[in-house]
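The structure under discussion appears below in the form of structure tokens.
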Amino acid sequence: MAQGLIEVERKFVPGPSTEERLQELGGTLEHRVTFRDSYYDTPELSLMRADYWLRQREGSGWELKCPGAAGVSGPHTEDTELTAEPSIVVQLCEVLGTEVPGAGGVAAVLGPLGLQLVASFVTKRSAWKLVLSGADGEERLLRVDLDTADFGYAVGEVEALVHKEAEVPAALEKIHHLSSLLGVLEQERAPAKLIVYLQRFRPQDYQRLLEVYGSKEKP
């Protein structure tokens, strides 16, 4: 698979004082932004059921989240992100078991690969960043996104981006530390916006994913 950054993240339910707490911890508000995410898959959800998540974000382009390391457990997820369209097309064809249909970007292969719009919604986000020092004295930049979707669901996410699998444990330690400082319970899980969207508006698709993941929330 083409190489991409490894995204280590943990989702949580934000409270009314979460932003205030981030300020107290030295966090910096980078921006507030509103955007639309559109997710694509086959009618059978072949991508999502294989743990691949194809998204087009308004103003940012295409992204494909691919499975991270096997055996990840706990209330966090680990994924590899692809954002270069040629890499995304190659990976999509590999997952779906088809030949690469000539030159062109992601939009050009949606039809040939049988991909269609599955979900689309608008999110209001406040994006924060802060630096935490670990027990080893090493500092790591963490990002915290606080999102509210246009269908009324709010979720927070603590995220670190690393280049190598060996960097994941240190990033994870800092994510859990920051989560505890924000008052997040150790085993708290919060579903992703897409999962809640499917649960509310496409219950048959939601059931398809439950058959694969059970209670483990993706993406």
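Cβ atoms are placed via backbone N, Cα and C, with glycine included.
Keep in mind it's a predicted model, so treat the numbers as computed, not measured.
Per TrEMBL, the features are:
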type	residues	note
BINDING	GLU7, GLU9, ASP145, GLU157, GLU159	Mg(2+) binding site
BINDING	LYS11, ARG55, ARG57, LYS65, ARG125, GLU157, LYS193	substrate binding site
DOMAIN	5-201	domain 'CYTH'
Greatest Cα separation in angstrom, residues LYS11, ARG55, ARG57, LYS65, ARG125, GLU157, LYS193 binding substrate per the record, works out to 20
Nearest by Cα to LYS65 (substrate binding site), of the binding-site residues GLU7, GLU9, ASP145, GLU157, GLU159, is GLU7
Least crowded of the binding-site residues ARG55, LYS193, counting other Cβ atoms within 10 Å of each Cβ, is ARG55
Cα nearest GLU157 (Mg(2+) binding site) among binding-site residues (LYS11, ARG55, ARG57, ARG125, LYS193) -> LYS11
Across the domain 'CYTH' (5-201), the model's average pLDDT, rounded to a whole number, is 89
Comparing the Cα of GLU9 (Mg(2+) binding site) with the Cα atoms of the binding-site residues ARG55, ARG125, LYS193, the shortest distance belongs to LYS193
Binding-site residues near ARG125 (substrate binding site): from GLU7, ASP145, GLU159, Cα within 10 Å gives ASP145
Not counting GLU7, GLU9, ASP145, GLU157, GLU159, residues with a CB within 8 A of the CB centroid of the Mg(2+) site are VAL8, ARG10, LYS11, ARG143, VAL158, ALA160
Check: min Cα-Cα distance from LYS193 (substrate binding site) over binding-site residues GLU7, ASP145, GLU159 goes to ASP145
Rounding to whole Å, the Cα atoms of LYS11 (substrate binding site) and GLU159 (Mg(2+) binding site) are apart by 9
